[in-house]
Each structure stands twice: as C-alpha cells, then as structure tokens.
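K.L.:
Look at TrEMBL and you will find B:9-32, B:38-57, B:64-85, B:91-111, B:123-142, B:148-174, B:195-216, B:241-271, B:283-305, B:311-329 tagged as transmembrane segment.
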Amino acid sequence: MKIMLKTDNIKFSYNKTNIIKGIDLNIKKGSFVGIIGPNASGKSTLLKNISKTLTVDQGKVYLDKKVLNDYNSMELAKKMAVVPQNTEVNFNFNVYDIIMMGRHPYQKRWSGLKQEDKKIVKNIMELTDTLKLKNKLINELSGGERQRVIIARALAQDPDVLLLDEPTSNLDINYQGEIYGLLKHLNQKFNLTIITVSHDLNLTAQYCEELLLLKNGKIFAAGNAENVLTEKNIKKVYKAEVLIKINPISGKPFVTLIPEKNDKYKNQKNKDFKVHVIAGGGTAQKFLYKLDNEGYPLSIGVLNIGDADWQAAKELGIETVEAPPFIEITEKEINKNRKLIKKADLVILSDLPFGHGNLANLKILLEFPEKKKILFSNLNIEKRDYIKGKAAAIWNKIIIEDENVILLKEKDDLIKKINELENMEMER
Amino acid sequence: MTEYKKNILVYLVAVIVLILIGFTALFIGSSYINPIDVVSYILSNNQISASTAIIISEIRLPRIILAFIVGAGLAVAGSVFQAIIRNPMVDPYIIGISAGAGTGVMVALFLGIEISVLNLSSIPVFAFIGAVSTVFIVYQLAKVGKKLPVLTFLLAGVAMSFILNSVMSFLMVLRTENLQQLVYWLMGSLAGSSWSDIQMVLPYFLAALAVIVFYLKDLNILLLGEESAAHLGLNVERTKIILLGSASLITASVVSVSGSIGFIGLVVPHITRMIIGPDHRKLIPLTALFGGGFLLVADTAARTIMAPMELPVGIITALAGGPYFIHLLRNKSKNIW
C-alpha cells in the first residue's frame, strides 16, 4: 500500500521546551488514524507539525513522497485539508460562502465561480448533509452543524489527507457519533486518509482503525485499539486505573475509569464493620455500589472472571477471590474465601443461582454458624438450584439450623438491615 | 437571486443618496447659493455671477470631492485593518496609524517646510513614512514569535498613538506661529481644500486602492483565522504585509490633507457589514461610498452649523463615532461582524 504521510524522527521544541522528541510515522493511503495521549503529550503539536502550521526543528515530514516544506501553500492546500480545534467563526458568512472558500486553492484571482466549483461544492454539501443549511448564517448553526460545515469546507479542497484536531471536543454525544460516522464514511467510500487528534479514548477506539498513543512527545504504543488501549498502557501513560470492557455492539475496547482508586477526595468514612459478599451472575452488582458508598469495607468471593459482579467489584476496587469461568471452584479459592469470611462481621449471600461450579460458595456457610448472615428469600431456592436439589438441601439446612441467619424478602431493605446490625455490634 | 437583487438595490440607493448629498453640499454653506444657480452652473449656463461660480468650482466642489475621497479612504482602510486583525474595534485612528502619518507631516513642517508647502506632493510621502514606520513598530512590538495576537497589536497601537500624539503636541509648541492652523489640522479639518490637494492625494489613494481590490478575496479568507487561511492555500504573512502597507498608504494620503479624522474607519465598515454582510467583494465598494457620504455630511455640517466660523470636522465625527464605539464595547455580542 502507498505511504501517504511519513515522518522521519521529527523533533520540535517551543520556547526551548522539547515537545516532540523524535517521532516516526508511516501512514498508509486510506487509513484512519487516531492520535491519543494525555494533555501536553504533544498530540496537537504533532498534528501542527504534519500540517506545516509549525515547522519541525529536526527530521523531515513527507507528504506523498515529497518533503512537506517543498510544497507551496496552494499546492499543499490541494493535498491536505485541516479542521482546526477552534471552528468558531466570529463573522457572519453564510454556509455556502464558507464551503466555497474551500475551492480557493483551485480558483484564479479574477475568475468568477466556475461551474465545476459549483458542482463540487453541491456534491459535498449533499454528502455532509449541509445542503439544507446553504443559506443560513454560520453563527445561526448548532455546534454539530457548524462542525459539519467546516468539514465540508475542508472536503471542498479535494484533499488526499484530512487532519482534524479534537473534532468533537465541544459537541454533545449525538453529534460526536454523527461527526465520526461521517469521517468513517468518507474514509471507506473515498479512501480518504484521515488523521484525528482527540482526548476521547472511546470515540477514537470505536472509529479509528489505527491508534497512536503518545507520551511525552514520543509514541508509546501504536496499532489497533485492542493492542493500544490496555489497562497497562493507560496506567503508564495516564496514571489512571481503568477497566477495559468490550463494547458489545462494535466489539471494540471501551475504557471505564475506576472511581474508587482515582478519587483522592472521596469522603473517607470507612466504617469498622466488615462485610463479605457471596454472589455471582450480577445478583449483587446494585447493592455493592450502595454498600461501597455507605463506606463499609467489602470483600467478595468466589467470583468468575468476567462475570457482571466481578466487573463491579473490580471497578470498586473490592478485595475479590476470583476463579476462571466454567470450571468448578478449586480448594485454593475456597480457602481464600474462608479467610475473608473469618475476618468479616457480616456475610451476605445474594440470590445467585447454584450449579456444580459454585456450590462451594453455599457449602462454606455451614462452617460459620456463629457469623451473622443475610440471605434473601425473594427467589425460591428450588428455582435457583441447577443441581437437582443438592443446593436446596444445603440451603434448607442453613435456614433451619443456623440461628444467625436473617432472611430478607427485599434487596431494597438490605442497607437498613445492615445499619441496624452495625449499631447492635457497636453497642456491644 | 433575491439576495443579488437586494445588493443591487442597496448600491443603487447608496449612489443616488450620495449624489443628493453632494448636490446639497454645493448650495449650503457659509453663503447660501440658490439650488437653481447650482443647476445652471452644472448645465454650463453662464447666467450666474462670477463670484458664485468661483465659490462652486474653486471652493465647494474640490472640498466635496476631497471629503468623499478622505471618508472613503478611511472607511476602506478601516475595513482592511479590521479584517487583518480580525477585530471590529480596529481603526487607523485607534491603532496609531493616523498619529504616525500626522507625526510624519509635522516633522516635515518642523524641518523647515512652510505650511503653504502642504500643497506639494512631498507631504503624503512624509505621512506615508510616518504611517508605515508606525505600523512597523506596532507590528514588531506586538509580534509574539511568528504570530501577531490581536490583543498585543491593539495595545501596542494605543501606546504608540499616545506617544506620537505627545510628539505632535511637542512639535506644535515649538512652532507657535501657525498654531491655529496646526490645531485645526490635528483635530481633522478639510478647511481650505483645493484642487491641488486632490491632485496630491489621488495617485497614492488610487494605487493603494488598486492593490486592496486585487486582494479582496484573500481578505475574506483571512477572516477565517490565520491558521485556516494558511490551510486554504493563502500565503498569510505576505498577504498581511501587502494589505497592511496598502491600508497604511491610504491612511497616510488622506491624513496628509485632512489631519486625523477619527472613528470613520471604525463605524462605517461596521454599519456597512450589517447591511451587506462580511464578503469584502461586496463590502469594500459600499463601505467606500458610505464613508465618503458620511464625511461629506459631517464636513458640510462642520462648515454650516456655526457659519461663518468652521468647526474641525474631526470633532463631529468623533462625537458621532465615540458613542458608537462605547456601544460596541458594551454590547460584545457575537454578531458584531
């Protein structure tokens, strides 16, 4: 495949501060590249270097095999179009005039509007859905509409490469998708090479084929979204704890910030009443967040990796005993669980279903008759028992023999009950 | 097509009104001339007295034409400066270019050229040197790296304007013999205009105007912001320098005959933009018509309201323009363009 844009160990400094510290790029024709990175990582500067707004101090930029600095401004405008970060236009041209300005590199000074220019602009307005805005003034438009107009102007330059700096930074979520959807369409239908700079990891991951993660003026990672957006990379570059999920619709990685570990200012009202949760299948998800918010020290086990409760526990940074899915819980994991239960003041068993794999989670309660336990009776045990009565038998034994069992009908009553238990414990 | 028709209508009305204003300015003044006499003079009927004919042809007509040229020049220069700096608060008067041109003229006078030498065409050259040096200094002061931020440009302009006004006052104190004339000139006045003034100004004025007309489309592109303009294939720095030079030359040529007349370059482009929009290909000709018309009205008022005494026309334009400027400052709405 043809290389459209290449940089050769480029460096750039601004006021003696090194911003770009040696970057090599090889961007193929027709690729859709997203440059990401934290603030001050040099991503906007890199874009300015490859658009000739800022000339590199060292190294060379090649656009279509020719050195960037050898292009005169008219030639360059025919090859490369740029949508800047700030598209605010503080004067009132109408949309048609603005888009027509994109034809400037092709127009002679005194020639009027050519039929060809008119035709191209009309096609582009149809493509970008700006035809209906034709006679509107630029300042009457919404943010998303204005961005589409500016993109249309860039397309009117009939470029081979389109560069965009934070194309959606001021837009609502619906416009964000719309703009990136348009870019994707342009990329696929016209084989237009597109390079975006964005701080939005998820949008970039959803739409761009290749990601470029910058750190301190250098490329930290490059490749497809799955390889670049890993928990490890993000921790190293952004110093943030995140959870990477997979967007079920696009199959692309989706970054979620883990609030507990990053929030330094969170109210530290940690209570002296430890709660251990036995759950699975997303049955505890909701009350885990509530308990965490109340400030109870939590532990949880044994959970299958990837399970909804497991994800919630990870997000909250709860101490978790985890096991690989689809196989029976091993003695090692049961032991860990046992240790946590011993330390706890209260054990909660959520209304999870039981099978061979997790029966040990139920059995273990028999070992702790002296612990306070909360169980739920909202779902009949027979309906949750997938091992022909084995689970129901153990359940009934606990309910009948254990004096420390509290049976709740509603999960909503849980917090209230725990508060009561905590107060009783304190009085003692 | 309706917009096209509307624009034609606007231009038509502007031209007709301008002709009416010009005609009115011919017969009113410190001595009233019967409009019928004016008509018959225009139709080359010799039935009017010789003195009336002289008043019309040697006093009023050149003054009317000069007022139009000066007003049009200031308005065009104002539009160009506003587009380059991308700020509607800019005006040759505010950013010190008028003061620079004025200082150039004063220095020329101080170096021994008599006030009567004002008629010689070397005066606009001095004015131009003063104006361009001022632009150059302001430009250098305002430059941050390779960029020209609006705010520093305005501040540097205002500072230079203060300094140059003091220099002018100082030179004026040193040469007290022509003080009243100088004061009038400084405040902006078209008193004593003659055909030779027009001859003096016109070549510079037309040359600079031609350059500006050549670059009208580039001015539109500059309005998008310098970065965007560069991405659209415009050689921004070169275009800016050429246009700043031309607008300075226009300013210098008109200041050398009229002194510093303020606020026309600010107010007129504004009002014109409200009527016809920001496209310079339509804006610049209309702003020239409006600027010329506005100064013609102001100058006719200046020589009429306290006749036989004359007011410096700069007072009238400042009284009209100052409040408008304050209004703009207070009302920082987005649609000022």
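Glycine too: its Cβ is placed from the backbone N, Cα and C atoms.
Since the structure is predicted, the reported quantities are computational estimates derived from the model, not experimental observations.
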K.L.:
If I count Cβ-Cβ pairs under 8 A between the transmembrane segment (B:64-85) and each of B:91-111, B:148-174, B:283-305, which range comes out on top?
P.N.:
B:283-305
K.L.:
Report, as numbers and ranges, every residue of the chain located at least six residues beyond the transmembrane segment (B:195-216) whose Cβ falls under 8 Å of a Cβ in that stretch; write 'none' if there are none.
P.N.:
58, 62, 65-66, 69-70, 73, 76, 80, 118-121, 123-124, 128, 239, 242-243, 245-247, 249-250, 252-254, 256-257, 280-281, 284
K.L.:
Between the transmembrane segment (B:148-174) and the transmembrane segment (B:91-111), are there three or more C-beta pairs closer than 8 Å, counting only pairs 6 or more apart along the chain?
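P.N.:
By the criterion, they touch.
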K.L.:
For the transmembrane segment (B:91-111), I need the partner stretch with the highest count of C-beta pairs below 8 angstroms, choosing only from B:9-32, B:38-57, B:241-271, B:283-305, B:311-329.
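P.N.:
Ranked by Cβ pairs under 8 Å, first place goes to B:241-271.
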K.L.:
Are there residues at least six beyond either end of the transmembrane segment (B:283-305) with Cβ under 8 Å to its Cβ atoms? List them, or say none.
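P.N.:
For the transmembrane segment (B:283-305), the far contacts come to 10-11, 14-15, 17-18, 21-22, 24-25, 28-30, 63-64, 67-76, 78-79, 189-191, 212-213, 216, 219, 261, 264-265, 267-269, 271-273, 275-277, 311-313, 315-317, 320.
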K.L.:
State, in range form, which of B:9-32, B:123-142, B:241-271 has the highest count of Cβ pairs under 8 Å to the transmembrane segment (B:311-329).
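P.N.:
Going through each listed stretch, the top one turns out to be B:241-271.
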